[in-house]
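Working notes for the structure below.
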């Protein structure tokens, strides 16, 4: 799990650290970590650090200071380091250190194209967490020249030009090969489009203590998904795995009913009951013969996908909310929401649907998706999964927004959201909490798309989701069998009480 903190939170953490060790010590820690990562990149690209030509783009403040002190360290290792005064006045002490180590400083107006062409590495130290989004035209042109020549760019803390808290990346923002950030991750490292501009992301520990600060974002990683996915136990039957009730599709949109059911089936549900559109049912009974039809025992519900205009939409959703079971409301179902919802209701809008839900323009959602999804959860009382390039999950009254594992843009196609709704319902039926279920489902779909990239139709991607989920179960079984085999070996060698203890001590705890 990776946790990100806003600009205001990061500044507060830094101020607390300043009071203990001082700002100069923190800058030296940051500069050391930055120089090591830059040297690693040089060694990988050209086989040696010595003799490399490094251009350091310097802005005002501490970000530029970090870059200058890193340049000092690289100069001491034999690099020819040129600092370019790209914006504002450079950090005085950092500049003095670089010059003393043999580096040089030139003004941005005197830095020519041929100087850039000779560079082996560019360090972007122009703007830090306090910078405004976007770059001046001349600086953006300089960055574009480096990118066009495929010169590696190491960004200091974040790529210059991106918005730290929202993840927006105006045209001309730096696209880094590697971003070295300090103390904590920031939202721009995890939210698109800025996240893609970070390249390889490295976190340098400079001694900030965030243990008592609630993070703005919590980003899941594949190992987190594997650890939390509900895998059936030795005695699990279909009811233990969960029964999903599906009311989706319509005469006009029968495919949505099929795809949402497909998601529930391949998401691991023990049984799927379809009670949606008859036209969808005709296709489902042929393609998914394990699906049952008619009312019966259900442990979660999925509604709304492909409904279109539905006269009884208000009544259906109100009745299911009153029933109290976990409920996923997708697509057209979002038009029939009651005034207040419980936390076990999961709404799955895309940006346009979320904008309508909030009564704002879609551009406002895209400009600050984390704030928008958090507001939607607080306004409705429900848990909200915002679908898109970065998939965010918020729950009412919970400050931290969860970030699903990212996937390729190939998932952006008609029907992917229908499948995702079914995946969510399957995880909910297994007894997983609403917020966690949403993150797990979105992550598994992204992981499947990454594992099997390309223009794969959503129904096929759903089957690939089942393959990814199967790997979780296989890994668990491997660990179990490995432990059992080890325990048997120990028992034969030394049949003592301690040999039958759990894998992490006598009580089995880690």
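Positions of Cβ are set from backbone N, Cα and C atoms, glycine also.
As recorded in TrEMBL, the features of this protein are as follows:
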- 10-214: domain 'YjeF N-terminal' (DOMAIN)
- 62-66, 128-134, 157, 256, 306, 350, 418: (6S)-NADPHX binding site (BINDING)
- 63, 124, 160: K(+) binding site (BINDING)
- 221-472: domain 'YjeF C-terminal' (DOMAIN)
- 417: AMP binding site (BINDING)
- 491-510: region 'Disordered' (REGION)
Sparsest Cβ environment (other Cβ within 10 Å) among binding-site residues 132, 350 belongs to 132
Within 10 Å of the Cβ of the residue listed as 'AMP binding site', how many other Cβ atoms are there? 25
Using an 8 Å cut-off from the Cβ centroid of 63, 124, 160, can you name the remaining same-chain residues around the K(+) site, in sequence order? 57, 59, 64, 67, 125, 126, 127, 128, 131, 155, 156, 157, 158, 159, 174
All chains considered, the count of other Cβ atoms within 10 Å of the Cβ of residue 63 (K(+) binding site) is 26
Rounded distance in angstrom between the Cα atoms of residue 132 ((6S)-NADPHX binding site) and residue 124 (K(+) binding site): 15
Sequence-ordered, the binding-site residues among 62, 65, 350, 417 whose CA is within 10 A of the CA of residue 124 (K(+) binding site) come to none
Please report the Cα separation of residue 129 ((6S)-NADPHX binding site) and residue 160 (K(+) binding site) in Å, rounded to an integer. 9
If you measure C-alpha to C-alpha, which of 62, 63, 65, 350 (binding-site residues) come within 10 angstroms of residue 417 (AMP binding site)? 350
